[in-house]
Amino acid sequence: MSNYLFTSESVSEGHPDKVADQISDAILDAILQQDPHARVACETMCSTGLIVLSGEITTHATIDYNVIPRDTVREIGYTSSEIGFDASTCAVLTAFNKQSPDIALGVNRSKEEEMDQGAGDQGLMFGYACDETPQLMPLPIYYAHRLVEQQAKLRKSGQLSWLRPDAKSQVSVRYIDGKPKNIETVVISTQHDPDISNGDLFEGVVEEIIKPVLPAEMLSSDIRYLVNPTGRFVVGGPMGDCGLTGRKIIVDTYGGTAHHGGGAFSGKDPSKVDRSAAYAARYVAKNIVAAGLARKCEVQVAYAIGVAKPVSLMLETFGTGKVSDEKLAELITRNFDLRPRAIIHELNLLRPIYSKTAAYGHFGREEPSFTWEKTDIAEQLIADAGI
């Protein structure tokens, strides 16, 4: 189709699934702070008045599994049962095991063999980049994130004091000949105090959240703003819906523009290629687009458990490449080492950097710790491509 609408959504840090993601990554960071080589797979479930932690953790770190979830929930803004959750009074249950020794066989390596550390599981991961925004992200998901980020900023600052933590956004963009033309529909659903009128809520969201974020030149003349379409959103957070780690994988990545291998990120240490290889694939794709070798680039990489070298590598530029996809795949092999330990080393992933990733997207953000967003290989790719 040469003329179509494409839609992406995001959710706020107060959405119950994102609460779970943030708790899982806060626990991961606390462990990595003490034990960078720990094996962590932390899953979180949160419901009314309850947080349940489970998974597999092998570490010598000593952390308080009761305090970290509460601190995370408190920072998000759930401090009263009236708004759906109370960090001070919620129950926290834990049920952790250690990593299976059968899995550890393929992952653990001596110092001399560490670059041959095997993948922690089989699987396929995708990375994507395009020239629709300066951050080389698809425009719909980029602005969907910025909208809920703005909602949280205004809520925490008190500028819109009637806002509550749970919120969702959705942005529909008109594409013509493969390029974004304008934004036609914006949906914002935000939790709110019960005494705010629909009129005041609509005006506050449109004037203070939407318009300051979206570029005016991208707004269509007949743009639709759908604000709390049901008319009321007082009950939210874990009281409104049960939250689970890893249930917002499209929000976390490219908003549906690119493929997804199915593996979630949060709560997983970087020996899990679900996370580290997806970051590396973004790094590869972004450098190709930053080099001007393609307007769009999707990279797939796949692994076998216990095996260091990827079992496959695929690249697609959707007809936008300056050179053939085969040539670009050759450049990837020459310039990027996609073995798990090499990824961890190149992107410096054994650090407590993951809590920031757990809301508002893992990609397209200008955070110094997001090393997979750097474009330091672009110049070398240009030179090797010979153009």
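Just so it is clear, glycine is given a Cβ too, placed from its N, Cα and C backbone atoms.
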#### Entry: Where Swiss-Prot places region 'Flexible loop' among the ranges 55-65, 66-76, 99-109, 198-208
99-109
#### Entry: Confidence summary for the region 'Flexible loop' (99-109), mean pLDDT rounded
60
### Task
Work through the binding-site residues one by one (Ala167, Lys248, Lys268) and name whichever has its CA nearest to the CA of Asp17 (Mg(2+) binding site).
Lys248
### Rounded distance in angstrom between the Cα atoms of Lys248 (ATP binding site) and Glu56 (L-methionine binding site)
21
### Message
Under a three-state reading of DSSP, tell me whether Asp17 (Mg(2+) binding site) is helix, strand or coil.
### Response
helix
#### Entry: Whole-number Å value of the largest CA-CA distance among Glu56, Gln99, Asp241, Lys272, listed as L-methionine-binding
30
### Message
To the nearest Å, how far is the Cα of Glu56 (L-methionine binding site) from the Cα of His15 (ATP binding site)?
### Response
25
